[in-house]
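Peer 1: TrEMBL feature annotations, pasted as is:
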type	residues	note
DOMAIN	3-343	domain 'Isopropylmalate dehydrogenase-like'
BINDING	Arg91, Arg101, Arg129, Asp218	substrate binding site
SITE	Tyr136	site 'Important for catalysis'
SITE	Lys186	site 'Important for catalysis'
BINDING	Asp218, Asp242, Asp246	Mg(2+) binding site
BINDING	Gly276, Ser277, Ala278, Pro279, Asp280, Ile281, Ala282, Gly283, Gln284, Gly285, Lys286, Ala287, Asn288	NAD(+) binding site
Amino acid sequence: MPLIAILAGDGIGPEVTAQARRVLDALGLDFSYQEALVGGVAYHQLGHPLPPATLELAKRSDAILFGAVGDPSCDGLERSLRPEQAILGLRKELGLFANLRPATLFKGLEDASALRPEVASAIDLVIVRETNGDVYFGDKGIRTTAAGRREGYDIMSYDEDEVTRIARVGFETARTRQRRLCSIDKANVLETSQLWRDVVIALSADYPDVELTHMYVDNAAMQLVRNPGQFDVIVTGNLFGDILSDQASMCAGSIGMLPSATLNGSGQGLYEPIHGSAPDIAGQGKANPCAAILSAAMMLRHSLGMPEAADRIEAAVAAAILGGARTPDLGGTLSTAAMGDAVLAQIG
Ligand code: GGG
């Protein structure tokens, strides 16, 4: 029986994860679940955002269903103890380097999209974001300059093997879709991006059936809004992918609609909504659980070998949305649990 580690985390994480769990339970399949603390709540109760028992559970699980981390009460802590270090630590410790972030506008959500109506329905893309390198993991600190001023630094780096393995995920993902891959970088300014581009071009020889294009990240941010239909699969680094996927989420109606899968190539994966802990609405039943529910669907497809069950969940979310179910982020009034009910009512 597959073991699912439930790491609900902070803020709205437990609320949305609970709805994903209800939907999984309704499928009538056999899973075993184990829960552990992560993020700010883990720091407060156990002294570390990623306690050893949580990491140990994550390592032996078949898949991790993750909520969100982030807690304003931890703002003054040194960086290694901040809640966000839990998700970075899990990605590094488990080698989870490929973060797939699909952004699609569900039918019925056209009004919620931040895009102009004539282009809104065209958004249907996957962002493949690298999550083991870049400025998130490079040497960093605050030092004193010769002039006596404090200077912060975060080193951006990728080696060619790291670029090759994420680019390969990009090409392979494109092969499951429309065979168009756009690699996003800042190669006109950054050395890291020049290497990135060279490596992606070299790898493209293995994928003659995939159309490869390149775009600077600033242009990509603009093109995403101007003409989202030009994108099929985007492959990019950790920082650019983090930013562009939040932007893409508003094109798809709400950050509450975007799920993600982070994979390490072994079959194991971590599944989480792309949104954070949203402390401003935590505990109020206002959060949209769709991204968490859709993350559970990605888990069934990518880690648990249950694509039909994944299809059932995705179809149920689509039907609930088409039927008018809306949480406040989508302009509606449903509570988190009521949105979960609306999805459950559609599970066939
Ligand atoms: N569920 C996503 C989440 O908790 N995000 C908080 C965060 O700090 N994420 C950092 C990242 O995605 O790189």
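Positions of Cβ are set from backbone N, Cα and C atoms, glycine also.
TrEMBL: automatically predicted annotations, no manual curation.
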Peer 1: Inside 10 Å of the Cβ of Tyr136 (site 'Important for catalysis'), count up the other Cβ atoms and send me the figure.
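Peer 2: There are 19 such Cβ atoms around Tyr136 (site 'Important for catalysis').
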Peer 1: Quick check: of the binding-site residues listed here (Arg91, Arg129, Asp218, Asp242), which one has the Cα closest to that of Lys286 (NAD(+) binding site)?
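Peer 2: Closest candidate to Lys286 (NAD(+) binding site), judged by Cα separation, is Asp242.
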Peer 1: If you count other C-beta atoms within 10 angstroms, which of the binding-site residues Arg129, Lys286 is the most crowded?
Peer 2: Arg129
Peer 1: How many other Cβ atoms are found within 10 Å of the Cβ atom of Gly276 (NAD(+) binding site), counting all protein chains shown?
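Peer 2: Step by step: centre on the Cβ of Gly276 (NAD(+) binding site), count other Cβ atoms within 10 Å, giving 21.
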Peer 1: Using only C-alpha positions, which one of Arg91, Arg101, Arg129, Asp218 is spatially nearest Asp246 (Mg(2+) binding site)? These are the binding-site residues in the record.
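Peer 2: Checking each of Arg91, Arg101, Arg129, Asp218 against Asp246 (Mg(2+) binding site), the shortest Cα distance is to Arg101.
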Peer 1: So how far apart do the NAD(+) binders Gly276, Ser277, Ala278, Pro279, Asp280, Ile281, Ala282, Gly283, Gln284, Gly285, Lys286, Ala287, Asn288 get, largest Cα to Cα in Å?
Peer 2: 15
Peer 1: Could you tell me which of these binding-site residues, Ala278, Ala282, has the fewest other Cβ atoms within 10 Å of its Cβ?
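Peer 2: Minimum Cβ neighbour count within 10 Å, taken over the binding-site residues Ala278, Ala282, occurs at Ala282.
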Peer 1: Taking the centroid of the Cβ atoms of Asp218, Asp242, Asp246 as the Mg(2+) site, which other residues of that chain lie with their Cβ within 8 Å of it, listed in sequence order?
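Peer 2: My list of surrounding residues reads Val217, Ala221, Leu239, Phe240, Gly241, Ile243, Leu244, Ser245, Gln247.
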Peer 1: Near Asp218 (substrate binding site), which residues of its own chain have a C-beta under 8 A away, given they sit six or more steps off in sequence?
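Peer 2: Listed in sequence order, they are Lys186.
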Peer 1: Have a look at the binding-site residues Arg129, Asp280, Gln284, Asn288 and say which one has the shortest Cα distance to Tyr136 (site 'Important for catalysis').
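Peer 2: Result for Tyr136 (site 'Important for catalysis'): the nearest of the binding-site residues is Arg129.
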Peer 1: Would you count the other C-beta atoms found within 10 angstroms of the C-beta of Asp246 (Mg(2+) binding site) for me?
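Peer 2: Cβ-Cβ neighbours of Asp246 (Mg(2+) binding site) within 10 Å number 15.
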